[in-house]
Every structure is written in C-alpha cells, then in structure tokens.
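Participant: What TrEMBL lists as active site, nucleophile is A:99. Per TrEMBL, the feature active site, charge relay system maps to A:237, A:239. Sequence annotations record features per position, and here TrEMBL assigns L-glutamine binding site to A:66, A:67, A:68, A:129, A:160, A:161. Marked as signal peptide by TrEMBL: A:1-15.
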C-alpha cells in the first residue's frame, strides 16, 4: 500500500524535508524496511501541501521550519487553518513540526508579534519563540536522542533562531495569560501525556520563567523534542542536515499508527 | 564552502559571532525560502510588512526608488532606526551595507541584525573589493548578474544570493535577465566534463570547486532570491517559476497605492506561484502599482546593477 505524506509548503524549508524523506525511504529499504502488520512493504508518496484538497489526501503531515508568523498568515488566507486544526486535533493524524512547525503545533506560544498569531495546536505545551535570541545566537549542537535507539550515537542538529518548550501545560488548568502570549482554540481533549523526547543540556538556568520548567521536571536542560500522541515536535532542524534517521523513525511511527 | 568546522557543543554555544558556522548562516536563508522580504524605512512599515506575512524585512533609510530620484551618496541606515525596527517585529531584520564597507558591516553585526545585504543599491565604498564575509558571525546576502559573480560572492562567504535586477525601477526585466543567465550557465556547467569546468571557472572568474559543486547540485549551493524591479504579484510569481527560492520586494510595496493589500497579495503569489487562479484573485483590485522607470531608458551611469565586481 502507499501512504501519502504531506509537507506543508506555504513558506519555509519544505523542499529540504521532502529530500530527507526520500533519503529515509531509500536507506530504510536497504537496512530494515518500513513494514506494516502484514509485513507488506509500504510505499510512500510525498506531497507538497498548499491547499485543503492536497491536505485531505495525506495520511500524515510535516510542518517545516520557516517563519511561523508567515506560515500562519498564509494558512489563514488560503483557508487551511481550520482544515489543519481538524487534521491534527480531530482526525488526529500523525504530524511533525520542526522549529516554526513546533510553534504552530503548540497550544500556547509567547514572544509572538504585537498582534499575536494563529496557532494550530495539538501539543499541550507552551513554546518560547526565538528563545536563544537573534541569528547571531543561532548554533549547532550534538544531541542525544534516546528515541532513535540505545546505540544511535548523537544527532548533529542545527538551531536557527529556535524556540524551546518552556512549559508542559496541564489540560485541566486554565492557561495564565501574559500580554505577548497566544493560545490555540480548543478541540477534543486528548488523554495522551506529553513525553519529553530530548533536551539540550546546560541552558535551563537561563530560563526567565522559573515557575515550571525543565528544572522542576527533575532534569537539566531545555526541552527541544516532545511528543503527545500522534503529534511530534522538534525545536531544531533535522532537514538542514543530511542525517535521515529522525525522518526514518517518524515514518515508522506513521506506519505504526495508521497501518497496524 | 562547507562549514568552517566549528561544531559548537552545547556548553559553549553562546554567542561568539565569529564562530557561526556556514550551515547556521545558510540555514536561516533556507528558513526564508518561499517567502517575501520587504524593504521598510521605519517601524510602521515594518509592522505592515509583518502583518502582510513577510518572512523578513530589509531596514533601510530610503527605498531604492527614492535613492534613484534624490541621488547623492547612499549609505548604511542610522542604527537607531534599525534597532527600532528590530524591537517592533519578531521576524528577521536585514540591513544594507555599502559594497566593500567593512566598518558598516561591523556596526550592523554589533547591533545584532539577522542578515547583512552588501548591496549595490547603496554607493560602493571600495572600488575593487567586496567585504571578506566569512570572518563575520552574521550571514550575508549579495547580488549577482551571472554565475561567476554569484560564486565569487559565495567564495567570500555570502550565505545567500539574490539577482541584481534594477532596484527602484519597477521594471522586472533585469531580474529576469540575471536569473536566465545564472540558469543557463548552471545548465552548461552541469553538462560539462571536469576539464571543461576548469576552463569555465577561468572564464567566469570563479572558484573551480564551487563551480563543480554547483554543476553537481544543478543549482546554486546557497538559497537564491529574486530582487530588483518586482512590483506586482505576477512579477513575483514569474521569478518563482524561473526557479528563484523567494522574492525581495523593495520600492514595489511602499511606493504603491495600497501597500498593505499589495504586500499580502505578493506573499500569496509567492506561495501559490503555480496556481493561475489564485494569482488572478490576488492581482485583482490592488490599486495603483509604483510608477515604473523603463530600464532601457536609463543611462549606463544610472544602472545600479553595474556596481560590484
């Protein structure tokens, strides 16, 4: 069978994701083929998504890095914002957001532009936009990503004006609003917990919001990868490397949740 | 051309500008792809641009159409104005420095702009050299008319390229010419043998290794935007259909009748550049476009694209 995997192509590094998805499939077919429950080999089709019609064809979606304000505004004017919320929060199809994509998938974001911005939501977290600062503070780092496997080694990752997850939200508690914070409209609540999949060590002390952060959660380091049910988000850009391991892992998650 | 080898560990990753790797510099340009970067001269215009969906703004004192009309020496903008704009919007802020003016670049880096445009729109400060850009932590974008010029700029450290269409004219013909030239030369390089490539590198006055990489990639090794003379959504979509990664719009927005509406329309046109129905919708009822200057009517000395070496 063939699964259509969409990459939101309104603005940003969507071509880079499609390239790495193709590489992930090519490499996986050599090592461990992506397979469904019947051991049937799965085929993939990669779709640039610019319209509601193109989104409707997809079994899963990547929201790439780019400018989250641009992507949100274009989505709204293209009539894609509500279909995207439906895709993520009602149909609960698998979605992965990188950087700007993580911001759009958060239920809450701060340090947004003066008039706020639309969010899709799906992850019960609050992100801090441009957390590390401006471009001169962008950097590369080698991360431990335990979800790739025990012996995976580090993943070389690129952070460009990147956000972090600064707080895991409790669905039952009301969000405390500050001036430059926006939230996504509510949909069906999910029972799935927010799992912290990766941290960037050594920065937690710099956090300004001390109320609930990495340190309270008993670990050191900023949260840079999270998952809640079918929604996965990374603050960094695997699509700026030539390492397809996260893409291969995510495709397997997509297969597991849609085929099996 | 690859990263400068300084892979930062998380413990030492705080900002040491000179340590920014090429991947980080080129990476921001990749995040701007499929987007529109708009010239703005104050915080008010920057807000309009951000609300319209611009993926970045270019802060400068006068848009190219005014520089052209008023003449005189055009220089880097007042840092105070650039800082006001940086405080006002959350999208990346770029600013222009004169060709070869190292100190203007140092000042722009010191105030923390996200990208420097070493631009022919300003009056060149060095008659022979461009700025050596690899030593800066802040990334640079530079203009080109052809592949040789693009690869010379990349060799100097530019992490993003744009066409050098005639800024401030509203005439897109030169941007089209530059993109056509670059595309044609890349096609030729891609079908060349190694020894032909060596000859071509001499002819284009560019680095052989970069030319070889371009030939293999069948595109420039960094992001390439259209710039110069883009005045309508159709102009923007035309440049996207020719293979540009995104579009700079200078005078075209804030010299037109309804800037906010035109800015939004150009943003939609760059995303949906292959959908004539959307292009027809967004092109409707935009009001007056900027008054154009026919590039063919310009004297040689009035042509900005000739600046740079």
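Every residue, even glycine, has its Cβ placed from backbone N, Cα and C.
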Participant: What's the CA to CA span in angstrom from residue A:160 (L-glutamine binding site) over to residue A:237 (active site, charge relay system)?
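Facilitator: About 8 Å separates the two Cα atoms.
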Participant: Among A:66, A:67, A:68, A:129, A:160, A:161, the annotated L-glutamine contacts, find the widest CA pair distance and round it to a whole Å.
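Facilitator: Of all Cα pairs among the recorded L-glutamine binders, the widest measures 13 Å.
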Participant: Can you name the recorded positions among A:67, A:68, A:99, A:161 whose CA is within 10 A of the CA of residue A:237 (active site, charge relay system)?
Facilitator: A:99
Participant: Look at the binding-site residues A:129, A:161 and tell me which residue has the greatest number of other C-beta atoms within 10 angstroms of its C-beta.
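Facilitator: By the 10 Å Cβ neighbour count, A:161 comes out on top.
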Participant: For residue A:239 (active site, charge relay system), which residues in the same chain are close in space, meaning a Cβ under 8 Å from its Cβ, but six or more apart along the sequence?
Facilitator: A:13, A:16, A:17, A:19, A:20, A:64, A:65, A:98
Participant: State the Cα to Cα distance, in Å, between residue A:129 (L-glutamine binding site) and residue A:99 (active site, nucleophile), rounded to an integer.
Facilitator: 9
Participant: About how far apart, in whole Å, are the alpha carbons (Cα) of residue A:161 (L-glutamine binding site) and the residue listed as 'active site, nucleophile'?
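Facilitator: Distance (Cα to Cα, whole Å): 9 Å.
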Participant: Where residue A:67 (L-glutamine binding site) and residue A:99 (active site, nucleophile) are concerned, what is their Cα separation in Å, rounded?
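Facilitator: Pair distance, Cα basis, whole Å: 9 Å.
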Participant: At a 10 Å cut-off from the C-beta of residue A:160 (L-glutamine binding site), count the other C-beta atoms across all protein chains.
Facilitator: 30
Participant: Cα distance, residue A:66 (L-glutamine binding site) to the residue listed as 'active site, nucleophile', nearest Å?
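Facilitator: Here the two Cα atoms lie 8 Å apart.
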